[in-house]
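Q: There's a structure below that I have some questions on.
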Amino acid sequence: AWGLNELKPISKQGHSSNLFGNIQGATIVDALDTLYIMEMKEEFKEAKEWVEKNLDFNVNAEISVFEVNIRFVGGLLSAYYLSGDEVFRKKAVELGEKLLPAFNTPTGIPWALLNIKSGIGRNWPWASGGSSILAEFGTLHLEFVHLSHLSGNPVFAEKVMNIRKVLNRLDKPEGLYPNYLNPSSGQWGQHHVSIGGLGDSFYEYLLKAWLMSDKTDEDGKKMYYDAVQAIEAHLIRKSGGGLTYIAEWKGGLLEHKMGHLTCFAGGMFALGADGAPNDKTGHHIELGAEIARTCHESYDRTRMKLGPEAFRFDGGVEAIATRQNEKYYILRPEVIETYMYMWRLTHDPKYRQWGWEAVEALEKHCRVDGGYSGIRDVYNNHESHDDVQQSFFLSETLKYLYLLFSEDDLLPFEHWVFNTEAHPLPILHKDDGNKEENQK
């Protein structure tokens, strides 16, 4: 699958997801920083040569702005910051420029889909009345601030700051952010709220924007802690068996279901604990630990000891998937991500133990001759493989595991924040700008 987007590890060929249009190389670009961190120098060199010769954005292709940003832009930025190789910076800025037409909407809230040749954008046809999606337009901030930093062109940062302005002007139902926002009218679509898919990384990026700014982005900080307060009041619940979970909100009614994607929130709460208002630091760490425990239970209660795509707390079940279309595992990282943050912030050995359980399950059930494959039903006795190795497996799942078992001074939190695809970006210290001016 070299040079194609993703690997089919059983049939041993390439898999091209429509998320990337016909841009190629998703796995290579997504894995660059993992190779570098793991000191796989030969493979990194090969990947770099592929990027130099073959990574081409001059294609007639409709792409997902969000996916291309977090995987390709994020991957290239990290590869540049870790290695200093100029080719990665140039490619990141070139791709960033190709994404700018997505913001040509009446409000500046970007389209989900963009043809990077024609510059024509549109939204997913299924998204509430032509809306853009909170997790998609809310997960550009870190990368675009760095694109401005590295290119000297303020337009990237301006585009993402404008998104904030639009959100700040809107009324939030109960202080919550609905998943859908119409880019033409600037009004919310249907009032669905989720800390899982469609919402998740928006919240993460508010916190990380503040951390990445060396804690100068007061607006991001306030938005984050206000949002967490609303989430606690309206979405966080405890099951009969004492498991804390984050429900989904549909126009005021709760659906007692939690997605695998939502499990990242344990790590987020813990990471944000230090800046929490009103002596709430211990409370936020505790919340992180509770979410980590619930997500561990979702793994532990399956046959394969790997977590389902979504699990429920109703009809007498707790932390178990009840619908066939929620029982799959596609090598997702979020639970391991939370273990890594909890380990770094508490050094409680159970997080390494839980991580090791996941390693053993991955080796036993997902490893196949040509790589690692997702699984269709984690409650089954027999593996039914989906024959796809997602690019985020190398970028996130394996990197978070590696960091969980590494010393804390590998990518320390005081110098790096991770984008939502686990690409490390350096914190921009207050004096960084001046240093660059002096060097010119």
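Cβ coordinates are placed from backbone N, Cα and C, and glycine is handled just like the others.
So TrEMBL says this about it:
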ACT_SITE  E67  active site, proton donor
ACT_SITE  D200  active site
DISULFID  C263-C295  disulfide bond
ACT_SITE  E309  active site, proton donor
ACT_SITE  E334  active site
BINDING   T420  Ca(2+) binding site
Q: Counting only residues 6+ away in sequence within the same chain, which have a CB under 8 Å from the CB of E334 (active site)?
A: H260, L261, T262, C263, F264, C295
Q: For the residue listed as 'Ca(2+) binding site', list the number of other Cβ atoms lying within 10 Å of its Cβ atom.
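A: So the number of other Cβ atoms within 10 Å of the residue listed as 'Ca(2+) binding site' is 26.
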Q: Specify the nearest of the recorded positions D200, E309, T420 to E67 (active site, proton donor), where nearness means the distance between Cα atoms.
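A: Its closest listed neighbour, by Cα, is T420.
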Q: Residues with Cβ closer than 8 Å to the Cβ of E309 (active site, proton donor), same chain and 6+ apart in sequence?
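A: In sequence order, G259, H260, A321, N325, E326, K327, Y328, Y329, I330, R332 meet the Cβ cut-off.
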Q: Using Cβ-Cβ distances, find the residues under 8 Å from D200 (active site) that belong to the same chain and are at least 6 apart in sequence, listing them in sequence order.
A: A135, S194, L261, T262, F264, A265, T420
Q: Suppose we draw a 10 Å sphere around the Cβ of C295 (disulfide bond). How many other Cβ atoms does it contain, all chains included?
A: 29
Q: Using a 10 angstroms cut-off on Cβ to Cβ distances, just flag whichever of E67, C263 is the loneliest among these recorded positions.
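A: Lowest Cβ count within 10 Å among the recorded positions (E67, C263) is E67.
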